Amino acid sequence: MQLTTEEIIELGHKDHGSVNPAFVGKDSDEQPKLTVDIEEPHTEALEEAADKGGDLVYSLNDRPPWYLCILLGFQHYILAFGGIIAIPLILAEPLCIRDNNAAKSQLISTIFFVSGLCTLLQTTVGTRLPILQGGTFSFITPTLAILALPKWQCPAPNAPVMLSAHLLNGTRPHLMEDPDEVWMSRMREIQGAILVASLLQIVLGFSGLVGLVLKYIGPLAIAPTINLIGLSLFIEAGKKSGGHWGIAALTVCLILLFSQYLSKVDVPMIAYKDKKWKVFQYPLFKLFSALFGMCGAWLICFLLTIFDVLPSKSTEYGFSARTDISLDAVANSPWFHVPYPGQWGMPTVSVSSVLGMMAGVLASTMESIGDYYACARLSGAPPPPTHAINRGIAVEGIGCIMAALWGTGNGTTSYSQNIAALGITKVGSRLVLQTTGILMIILGIFGKFGAVFITIPDPVIGGMFLVMFGMIAAVGISNLQYVDLNSSRNLLILGFSTFSGLVLPTWFHSNPGIIDTGIKELDQVIVVLFTTHMFIGGFFGFILDNTIPGTDKERGIKSWQDEVQKECKNMCDQSCYDIPFCNGILKRYKCFQYLPFLPSFKTTQQGSSK
């Protein structure tokens, strides 16, 4: 999907705080009455969109009505649910809580609570893009490597301690080892590694080093990075969809039906405005396409489970489409759980764990930079300036520190599937994502509510992934519109970087333990980096594009920069990336002009360029 400048509309650009035209009525009589006043809610906006070739309903600074913010924010919550909840479920076994539903419930509540806090932080003072923050799979590999060490092996089932592990490590077994202490000690090791490694991300952002590197990043580096974000997850989408391909196909068809075939169909709705009732047309299917598609498939699975159509044995094909598999998780989840920092104890730090986790931080940083550009493109915002990217990376580092302090067992990063939802729903409002953050905080406290969504069958989530990750891959390809694709140089760089990003991680996963330098920390760093698809693609694209001779026009640098300047001129200024309530202070003191993560830094740059 390609969104050019002409395709982006910004409703309410004269007054970003205005109410949606669908709910603005004319003057009426004093007495309330029901009138058959069928309006065309987005007539002017849609005519403008037709002229420009786009159909964005709400752009970055638009403020949808509060009830729409809640519904759209809840849709983003649903989309992120599968990816966020997958992390504690993956870590459950190496943390020795596979059968401890109470611990898993607390871990799930904690990761949602912290994700909500980090989302509010990123959308308010970070990049200020409508980008959701959640757990990152980039940290999973180093986490599993840390927990695979002999000293963190889980005790044998039905036994308080594994004697052989203690004998190998030369430690003395504790005959009455507390089961909670078993997994909390492992969690504290992960917390310490993330806590220290995240400082690297903060330094990269606040020092402006990320911005310096961005001067040498062009479309041929960003395209494979974003493309591989979607392509690298095809295995996960295939695993979940493979549980029942019929249900996965139904989910895809429903999402396509609502987002594409019915996108122009407006649903009649009634609203009370200006002391009279009005019937208006509203693009309901376009706004809630992903939510309707997934809930529709979920409902079908529920009915098939009730009527016992789906297999009842776990060994039979289609069992994973049942909605009663995880009902015990709902029963065992507490009604309320308020996470707090240090709830698992004081974090512990070791050199090997920190170095391994740093590789995950670097991979997450590279992925997030690509996400920022994709999010800006899909939300109708100008390309993010250097200070916004620097600040966004630094805020992600702060978010990772918060995740370490609260004890999620993971860090935070931008969520690709929610960025893809911006392109499908055509809603890029920042306020919607801020509402999502508040919902994640509130619902993270109510353990029973979050546990209900554990019953969403894997095939339904897999079908959603097929659409969402395909959208992300297409957004990555759209960056090639600036590049001369008739050039053999560009084709070589693009093909090699993309193909290497698929081949190398697959080979490393197929040959575990192949890297043996004699230094465990170095082995972990190498394995983590070379098993991260988007890091390899972006790295090779960056190196080859800057070392193989080529003109700026051939590389797409000139066209890309012209497009950036054109977007900044035609769409809006870059004030949407400014920190709220701080402009006066930042302009008053000149010392802020030298800080590369503040909006005032661009004033110095512009002044020097003139």
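All residue numbers here begin at 1 and follow the chain in the order shown.
Using N, Cα and C of the backbone, Cβ positions are placed for all residues, glycine too.
Fair warning: this is a prediction, and the values are worked out from it, not measured in the lab.
Residues or ranges marked as transmembrane segment in TrEMBL: 65-95 (among others). Sequence-distant contacts of the transmembrane segment (65-95), counting only residues of its own chain at least 6 positions beyond either end whose CB sits under 8 Å from a CB of the stretch, comprise 19-20, 23, 103-104, 107-108, 111-112, 115, 132, 134-135, 137, 140, 143-144, 147-148, 152, 154, 183, 186-187, 287-288, 290-291, 294, 408-410, 415, 417-418, 421, 425, 427, 429, 431-436, 438-440, 443, 450, 453-454, 456, 461, 464-465, 468.
Marked as transmembrane segment by TrEMBL: 107-125 (among others).
Residues annotated as transmembrane segment in TrEMBL: 192-210 (among others).
Annotation source TrEMBL lists transmembrane segment at 242-262 (among others).
The transmembrane segment annotation in TrEMBL covers 282-307 (among others). Residues 22, 41-42, 55, 57, 68, 71-72, 74-75, 78-79, 247, 250-252, 254-259, 262-267, 269, 321-324, 421, 424-427, 456-457, 459-461, 463-464, 467-468 of the same chain sit 6 or more residues outside the transmembrane segment (282-307) yet have a Cβ under 8 Å from a Cβ within it.
For 431-454 (among others), the entry in TrEMBL reads transmembrane segment.
The transmembrane segment annotation in TrEMBL covers 460-479 (among others).
Positions annotated as transmembrane segment by TrEMBL: 491-510 (among others). Residues 220-221, 223-224, 227-228, 231-232, 480, 483, 485, 527, 530-534, 536-541, 544-545, 548 of the same chain, all 6+ positions outside the transmembrane segment (491-510), place their C-beta atoms under 8 angstroms from a C-beta of that stretch.
Per TrEMBL, the feature transmembrane segment maps to 525-544 (among others).
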*For the transmembrane segment (431-454): best-contacting stretch of 107-125, 192-210, 242-262, 460-479, 525-544, by Cβ pairs under 8 Å*: 107-125
*Count the CB pairs under 8 A between the transmembrane segment (242-262) and each of 107-125, 192-210, 460-479, 525-544, then give me the winner.*
460-479
